[in-house]
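Student: The structure is given below, and queries will be raised subsequently.
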Amino acid sequence: MATVLAIETSCDETAAAVVKKRHILSNIVASQIDIHRPYGGVVPEVASRHHVESINDVVSEALSQAQIDWPDIDGIAVTCAPGLVGALLVGLTAAKTLVMLHNKPLIGVHHLEGHIHASYLQNPDLASPFLCLLVSGGHTSLIKAEDCGLYRTLGQTRDDAAGEAFDKVARLLDLGYPGGPAIDRIAKLGNPKAFALPEGKISLPEGGFHPYDTSFSGLKTAVLRLVESFRLRGEDVPVADIAASFQQTVAQALTRRAIKCALDYGLSTIAVGGGVAANSALRQQLLTAAEDKKLQVLFPPLSLCTDNAAMIACAGAEHLDRGHTSALTLAALSRMPISKVMELYPGSSPMHPPLELDAE
């Protein structure tokens, strides 16, 4: 299996990693959380500037920590979609420069495919097909992973992503940024049954509800009205109880849909990825429900839930082993359905024919 250096700059983390045989040799992340905290969210222009400042040091540290040099690198992977275009361009430019400088293949990686491959880093023998629940600040999807590069979206949010809802509710409760960890911490002090909040179902034209799609905008509005009702009465807002009730509702909605989807499609394994995969309520609810239905649930370690380059390197290595490489004209895209992943590999670049790697 290929040894791959990867770069990830899709949002506010500047990351580089080296992965070999689904084993992490290094995984370096320069976080910008403290930089964006005063703004209550990620500022794209600020994120791009800090990527430029950090990228060289992060890549150098990844190679140093891996104790590896360029002759041992088989290819360079980079996140190219989806994400903040300015941020993606920093990583893409760095990767292309290294590709030309060291004469290596370029492998563009879809960010969501990276999150799916985070599960392989902890479970190298994970076999397809399986269901992946991707929950992050920008995405909430149920995806059937049929093979490397072959994915089918079965359910998704119709409005806010789960992580986005956490950030917005945290702002309503004056808990700061990022909202996910803040709500998770204070929810432990509250009663998750204190308030009945709407789960957010998607009505179908023919009647009934979509079994796998979600909506969090109504839940967010319900929390807003609840907070305002306490303030209008001049009462203290029960922040811990509201946070616990909100978190419980989100975890319940995601768990119900993931379990039903897995059972309906005959998939025995649910792999969870994305920043919200770190949420304690989601972990507890999904593990309990899955055990009852004799399903296996795989959660990555916390370090692989949030954006990182190890997951990008893992996905890149899988594609490189199959002869999938990207052209130097590879572009940064703000949006791209995961079903179109293979469009990133229109054929091997004439400059870099597919590597003949041993199948160790």
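From the backbone N, Cα and C atoms, a Cβ is placed for every residue, glycine too.
Note that the structure is predicted; figures quoted are calculated from it, not measured.
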Student: Pick the one from Asp125, Asp167, Asp292 that Swiss-Prot also lists for the substrate site with Leu134, Val135, Ser136, Gly137, Gly138, Gly180, Asp184, Asn279.
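Tutor: The one candidate that Swiss-Prot places in that substrate site: Asp167.
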Student: Using only what Swiss-Prot says about Fe cation binding by His111, His115, identify which of Asp307, Asp321 is listed for that site too.
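Tutor: Looking at Asp307, Asp321, the one Swiss-Prot places in the Fe cation site next to His111, His115 is Asp307.
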Student: Ranking the binding-site residues Ser136, Asn279 by other Cβ atoms within 10 Å, which is at the bottom?
Tutor: Ser136
Student: Whole-number answer please: how many Å between the C-alpha atoms of Leu134 (substrate binding site) and His115 (Fe cation binding site)?
Tutor: 7
Student: Between the binding-site residues Gly138, Gly180, where is the Cβ count within 10 Å the lowest?
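Tutor: Lowest Cβ count within 10 Å among the binding-site residues (Gly138, Gly180) is Gly138.
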Student: Excluding His111, His115, Asp307 themselves, which residues in that chain have a Cβ inside 8 Å of the centre of the Cβ atoms defining the Fe cation site?
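Tutor: My list of surrounding residues reads Glu8, Ser10, Thr79, Leu112, Gly114, Ser136, Gly273, Gly274, Asn308, Met311, Ile312.
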